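What follows is a single structure, written as structure tokens, with notes after it.
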Amino acid sequence: MKTLLLTLVVVTIVCLDLGYTLKCHNTQLPFIYKTCPEGKNLCFKATLRKFPLKFPVKRGCADNCPKNSALLKYVCCSTDKCN
């Protein structure tokens, strides 16, 4: 019985994420991502404003959403792999 209880505790610890960590895409390819460092609680995607296909040119983690520029439009979100 003690072995079963210990096993359940170990499995619970392994399965739980002790502290939330955000995962954001960090390349132009949508299937590659990284875990954001502490304090970076947003994912962003930058696209060229004047380009008709809206292909992302930059993705990553941020603490604040970057400001749009004349060349780049930024979209930010706060869930895993949302960019």
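Each Cβ is built from the backbone N, Cα and C atoms, and glycine gets one as well.
From a predicted model like this one, the values you see are computed outputs, not experimental measurements.
Per Swiss-Prot, signal peptide is recorded for 1-21, and the stated evidence type is similarity to another entry.
The feature disulfide bond is assigned by Swiss-Prot to CYS24-CYS43 (among others). Secondary structure from DSSP puts CYS24 (disulfide bond) in a beta strand.
Annotation comment: Swiss-Prot describes CYS36-CYS61 (among others) as disulfide bond, evidence class similarity to another entry. Annotation note: CYS36 (disulfide bond) sits in a coil segment as assigned by DSSP. Annotation for CYS36 (disulfide bond): spatial neighbours THR21, LEU22, LYS23, CYS24, CYS43, CYS61, criterion Cβ-Cβ under 8 Å with sequence separation of six or more.
Swiss-Prot lists CYS65-CYS76 (among others) with the feature disulfide bond. Taking a C-beta cut-off of under 8 Å and a sequence gap of six or more, CYS65 (disulfide bond) has these contacts in its own chain: LEU42, PHE44, TYR74, CYS76.
The disulfide bond feature in Swiss-Prot is assigned to CYS77-CYS82 (among others). Reduced to three states, the DSSP call for CYS82 (disulfide bond) is coil.
Cβ neighbour density within 10 Å is lowest for CYS77 among the disulfide-bonded residues CYS43, CYS61, CYS77.
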